[in-house]
Amino acid sequence: MNSFSTSAFGPVAFSLGLLLVLPAAFPAPVPPGEDSKDVAAPHRQPLTSSERIDKQIRYILDGISALRKETCNKSNMCESSKEALAENNLNLPKMAEKDGCFQSGFNEETCLVKIITGLLEFEVYLEYLQNRFESSEEQARAVQMSTKVLIQFLQKKAKNLDAITTPDPTTNASLLTKLQAQNQWLQDMTTHLILRSFKEFLQSSLRALRQM
């Protein structure tokens, strides 16, 4: 199995970035009798929920861009005309008109449910990526963990958690095994398609969330 190595976006720098973003999901305890605003840094307003979500998505997108760069530099996968062959074997989440995330027919709650459900569906594909970047393992791991934090942020924002569909663990395990059993070319193409689709999904999500 080939591995990718990152130069422009080093693993150490990416991991340090993760440490800066993840604490937002787990704020430091506030002493009894004190309000969190009272212990905030002077002259700095604490980030709102929407600002944290926006920042988290942009951080993940930076990580995806770094991994995609390595994928594209390694081979011609980003230019391949045979993408459809591999893409037909995947069921990557995509935005559709019925999801209420586009400007036409925008519906905040319907869209939010779609975003969370889509991110949950992407998790098995992000797990697959952990075995595709041996020399950039920390970057791939950071994207995966940051996505989990993003899901937590969004679940707190959602009003109808019952409408969110959670993927079946057994089905995910079977899918992961199937993806890992592909030949080398298909594994490389799958990696490219996952990163590209995840980037597009997050970009669409970011535009929609900025309307909420």
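Numbers run from 1 along the shown chain.
Backbone N, Cα and C atoms are what each Cβ position is placed from, and that goes for glycine too.
Keep in mind that what you see is a predicted model, and the values were worked out from it rather than measured.
What Swiss-Prot lists as signal peptide is 1-29, and the listing cites experimental evidence.
Per Swiss-Prot, disulfide bond is recorded for Cys72-Cys78 (among others). The secondary structure of Cys72 (disulfide bond), as reduced to three states from DSSP, is helical. Annotation for Cys72 (disulfide bond): spatial neighbours Cys78, His192, criterion Cβ-Cβ under 8 Å with sequence separation of six or more.
Feature annotation from Swiss-Prot assigns N-linked glycosylation site to Asn73. The Cβ of Asn73 (N-linked glycosylation site) lies under 8 Å from no Cβ of any same-chain residue at least six residues away in sequence.
Annotation source Swiss-Prot lists phosphoserine at Ser81, citing experimental evidence.
Sequence-distant neighbours of Cys111 (disulfide bond) (same chain, 6+ residues apart, CB-CB distance under 8 A): Asp99, Gly100, Cys101, Ala208, Met212. For Cys101-Cys111 (among others), the entry in Swiss-Prot reads disulfide bond.
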### Message
Just to verify: the residue among Cys78, Cys101 with the fewest other Cβ atoms within 10 Å, which of the disulfide-bonded residues is it?
### Response
Cys78
### Query
Helix, strand or coil: which one is Cys101 (disulfide bond) in, per DSSP?
coil
